[in-house]
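Peer 1: Below you will find the structure I want to go over with you.
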Amino acid sequence: MGRYVARRLLQMIPVFIGSTLLVFLMMYALPGDPVRALAGEQAVDQAQIAQVKKDLGLDLPIWQQYWNYLAGLFQGDFGTQIATQRPVADVIADAFPITVRLTLFAFAFTVIAGISMGVFAGLKADTFRDRGLLVLTLLLISVPSFVLAFLAQYFFAHELGWVEPVVSAAADSQELILPAVVLGSLSLAYVARLTRTSVAENLRSDYMRTAVAKGLPKRRIIGVHLMRNSMIPVVTFLGTDIGTLMGGAVVTEGIFNVQGVGYNVFQALKSREGSTVVGIVTLIVVVYLVSSLIVDLLYAVLDPRIRYA
Amino acid sequence: MTIIDKTADVPAPRGSTENSGPLLDVRDLHVEFKTRDGVVKAVNGVNYSVSAGETLAVLGESGSGKSVTAQAIMGILDMPPGRIPQGEILFRGEDMLTMGYEERRKIRGQKIAMIFQDALSSLNPVLTVGYQLAEMFRVHQGLSKKDAKAKAIDLMDRVRIPAAKERVNDYPHQFSGGMRQRIMIAMALALEPDLIIADEPTTALDVTVQAQVMDLLAELQREYNMGLILITHDLGVVADVADKIAVMYAGRIVETAPVHELYKRPAHPYTRGLLDSIPRLDQKGQELYAIKGLPPNLLKIPTGCAFNPRCPKAQDICRTDVPPLLSVTERDGGELPGRHSACHFWKEQIHG
């Protein structure tokens, strides 16, 4: 077990370097550059631009720029935003807690609502309520999240007036509920369907028949015998889902004006702030890797047939 | 249709102040399943009874309705698509089909327990065997976790699982097939039920282990004076442990008899066919007899006797009239207790 974890942690190093390099190269490949973006529409002296670039080290060959970035990263320096002169570490420190909160809300919503809907439908597969769930989730899967976001904004903020249409800079927890529901709705659909299929399938298994034959109460049959087995595939999905929720918040954060990670990535992309994009994306990659490791370990807890050596 | 007689001098049921009739009495049971292609009539009027300490073997091919009958008794049929349009299942004189869910649940596991064929898939893969055994005591007797586990270890000892104490926290996949079946037996025995239904308990095991498991089951049955319904298609297993046999075909009982009489003088051509298809040492080198044809499609059971398309002795009457399950007598009309046959020509079969 310990060796397995150590091996997985070591494997993260090449993944980490690879993903930073990839994002770095992509940023380099994009047309336009951050210095020119600074000036906006104004005409600027070419020599001046060249000078600024030289000062920032942007005139060096790409591999050297990447090396400098990595060297800085290992000293805890995420770089500095060119336009605002803020350290990227500060930007991340401001944005990350908001996104983490948003993600946790969305995740909690996905888990609680998704699993209960899935169990509810799966216990009575092929009935009216099961079909209803399948149609509803299909709808959630096929409607793009920005449509859902605007619809939610329209109904809950403009029509019903329950919430403000956009989230304030402070991003209070109660303001984040609506964006979290919108953000989590796609995962909710997947989790509900996965749970439903898994429950319906396990319901027909021999050990469920045994549990009934043992004269156990219904609550115990479902709560202990059915759920432990049915949760195995769902947990796998949920683990990778945390990463997806964090990264996928770009659109939702944009619409609800949540100044989190996704919002900052979007701003940085517009102004070609390479170091900001790479820094944030790398962090999301790390979250993704860690959560998938936790899932794999959880897997062995749920299913004793899986052993790590 | 008549009810199968009890065989003579059966020990009285435990706690014998209760009624003295059979432990379990199945009367005219019908079970059908609704499918997309129509209604599958899996059980068509089964009657049998078991007393305490008695072993009834239910014999038949796959699809003859023997497992479905057992599941109906246990109350573990999937309903829907399953349906019981007709019949009674009396346990100690009370009809279980009219009981409420809770009442029925308390009988399951406590009074009637079941042993399933495939122990690997029938045990929950993600719970330890100790937990699954202890669950019986925790749920039905309200024991604490610790006491229940101690009882689980006792049970594992009793079904002779070596090193029970060390293995109580192992998972089903860590046991061999024979050991897993012992755990199934231990689970069924946990609360010392009055009746155990064993649905092909040895089919998934290899031959040497089969004998061990059957011996264990028979021994425990004697010890606790339980009724046992043994569902099997293995005539060899039956001869050693059963008191009486019911042969099923297409959802009906076609013959019943005390075990040794059936082997000596079958009163139904289907039973004859089954017996003839057992490989025998003295017929080495000869071609083995096989009943020709296939078991009937339960969506379209043949008219008359369901066995008539495969029967070597079928006459016209067999294709039109359903033979009732009648008492079988000696040539001179002398009584043969416990013997019934559902064949128009049982006389020719048994005496011919």
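From the backbone N, Cα and C atoms, a Cβ is placed for every residue, glycine too.
Pasting the relevant annotations from TrEMBL:
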- A:12-30: transmembrane segment (TRANSMEM)
- A:96-299: domain 'ABC transmembrane type-1' (DOMAIN)
- A:102-121: transmembrane segment (TRANSMEM)
- A:133-156: transmembrane segment (TRANSMEM)
- A:176-195: transmembrane segment (TRANSMEM)
- A:234-256: transmembrane segment (TRANSMEM)
- A:276-302: transmembrane segment (TRANSMEM)
Peer 1: Among A:12-30, A:102-121, A:176-195, A:276-302, which stretch has the highest count of C-beta pairs below 8 Å with the transmembrane segment (A:133-156)?
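Peer 2: Stretch with the highest Cβ contact count: A:176-195.
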Peer 1: Is the count of Cβ pairs under 8 Å between the transmembrane segment (A:276-302) and the transmembrane segment (A:176-195), pairs 6 or more apart in sequence, 3 or more?
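Peer 2: Checked: the transmembrane segment (A:276-302) vs the transmembrane segment (A:176-195), no contact.
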Peer 1: If you count Cβ pairs under 8 Å, which stretch among A:12-30, A:102-121, A:234-256 touches the transmembrane segment (A:176-195) the most?
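Peer 2: Selected stretch: A:102-121, with the most Cβ pairs under 8 Å.
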